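J.: This is the structure I have questions about; it appears just below.
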Amino acid sequence: MVVNVIGAGLAGSEVVYNLGKRGVKVRLYEMRPKKMTEVHKTGYFAELVCSNSFKSEEVTNAEGLLKAEMKMMGSVVLEVAERTRVPSGKALAVDRNAFARKVTEIIEDMENVEIVREEVTSFNPDEGIWIVATGPATSEGLLSFLKELLGEDFLFFFDAVSPIVSFESIDMSRAFWGDRFGKGNDYINCPLTQEEYEELWKALVEAEVIEMEDFDRSLLFERCQPVEEIARSGKDALRYGPLRPTGLVDPRTGKEPYAVVQLRREDKEGKFYSLVGFQTRLKWGEQKKVIQKIPCLRNAEIVRYGVMHRNIYINSPRVLDPFFRLKKHPSVFFAGQITGVEGYMESAASGIYVAYNVYRILRGLSPLRLPEETMMGALFSYIIEKVEGDLKPMYANFGLLPPLSVRVRNKFERRKRLAERAMKAMREFLEKNPW
């Protein structure tokens with residue numbers, strides 16, 4: 001039997017890789033580059049359209065624990081991320097082009113994988129296994145078909161990305177290298193005095209935004225709030241948010257600046273840097289004016305402007321079973337952000353989970369849920385079963401995990417124990433139920 005996968009994002013790539021390497025015949029449909037979305041720039045698989053950061057690798061951080069579990073199950077995304085990483089302190093960040101190019105090469109070289117560069121606008125859910133991993137920018141043609149298949153409309157939220165500037169245009173005479181609390185030198189820090197900060201804040205709140213159809217501030221995703229929306233919530237909101245100076249000492253003064261704009265490397269050569277926390281929907285001309293209010297970026301060359309886009313997803317608790325199959329059509333699976341998980345790693349992890357159970361089904365075995373003590377198990381359980389009302393996108397966090405049997409007051413120690421329990425549960429699960 002051929003397994004059909006629609007969409008070669010992070011989730012789709014994990015599905016294809018994990019099935020293909022186990023001898024399963026896979027037909028992968030990807031419409032890019034023949035038909036592009038409003039946010040993609042290339043035809044590569046696993047293209048990163050927002051940040052180039054996969055966040056923390058420490059297991060006492062929810063994102064780090066999620067990665068540890070993914071590695072235990074097997075993840076092509078993390079394998080390639082290790083090979084294409086760029087310096088980013090305690091976070092795992094990648095050269096976005098090298099990363100996507102390598103994932104594409106690996107999948108293209110797989111003998112069991114047939115790649116079809118065409119848009120899918122419909123399919124027969126009763127013929128074979130179908131895995132929909134088309135992400136938040138699913139094409140209108142397929143959306144129409146899926147609405148009919150699901151019998152209900154999609155949910156959506158708004159997301160935004162940050163601008164990227166060239167390194168050679170940054171004024172390094174004022175900027176300084178460093179991570180918070182002296183834990184590395186991977187970020188470029190652009191310090192602001194109180195006067196400079198207030199000038200930047202004023203420019204942000206007065207800047208014109210690009211109007212969007214159906215735009216609603218309540219539908220902005222909390223971890224990707226546009227910088228201008230944060231600014232409008234109060235004069236000091238940015239200074240206690242993405243521009244907080246905590247743990248960053250300017251070597252010129254020996255003190256923490258009033259505020260700091262951080263820049264994160266985008267590529268291995270260090271030619272391009274993104275503005276951390278500067279997701280925006282400002283008009284492009286306004287973005288340039290605002291960025292030039294930052295002294296270190298007065299002459300900045302903007303190589304990619306920030307944009308906002310609408311992300312769609314299904315109401316998973318209503319339409320999916322615990323294995324991410326359609327309740328109406330058990331041979332149709334969903335994976336990735338279209339299910340309501342939020343984040344790069346969360347999307348990739350859902351692809352691994354779907355691939356695991358599809359492989360079991362193909363071998364005549366029953367699908368299995370992951371232990372709820374694991375971050376993956378708890379996240380997927382939440383998405384499917386633990387939501388009241390309409391689903392809101394959810395990312396990995398320790399609040400999803402069942403509490404420890406004993407109360408631990410110290411936050412770090414509590415997270416450490418939760419992580420140890422999660423990894424033990426995943427290890428035992430995979431020993432008992434290997435791929």
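From the backbone N, Cα and C atoms, a Cβ is placed for every residue, glycine too.
Got these off Swiss-Prot a minute ago, pasting:
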- Gly7, Ala8, Gly9, Leu10, Ala11, Gly12: FAD binding site (BINDING)
J.: Counting all other Cβ atoms within 10 Å across every protein chain shown, which of the binding-site residues Ala8, Leu10, Ala11 scores highest?
T.: Ala11
J.: Under a three-state reading of DSSP, tell me whether Gly12 (FAD binding site) is helix, strand or coil.
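T.: It is helical.
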J.: For the recorded FAD site, enumerate neighbouring residues of the same chain (Cβ within 8 Å of the Cβ centroid of Gly7, Ala8, Gly9, Leu10, Ala11, Gly12, site residues themselves excluded), in sequence order.
T.: Val5, Ser13, Glu14, Val15, Phe45, Ala46, Ala133, Thr134, Gly135, Ala335, Gly336, Ser347, Gly351
J.: Enumerate same-chain residues with a sequence separation of six or more from Gly7 (FAD binding site) and a Cβ-Cβ distance below 8 A; give 'none' if the list is empty.
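T.: Those within reach of Gly7 (FAD binding site), by Cβ under 8 Å and sequence separation of 6 or more, are Tyr29, Glu30, Val132, Ala133, Thr134, Gly135, Thr138, Gly336.
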J.: Inside 10 Å of the Cβ of Gly9 (FAD binding site), count up the other Cβ atoms and send me the figure.
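T.: Looking across every protein chain shown, the total is 30.
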J.: Once the chains shown are all counted, how many other Cβ atoms turn up within 10 Å of the Cβ of Gly12 (FAD binding site)?
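T.: Excluding its own Cβ, the number within 10 Å is 30.
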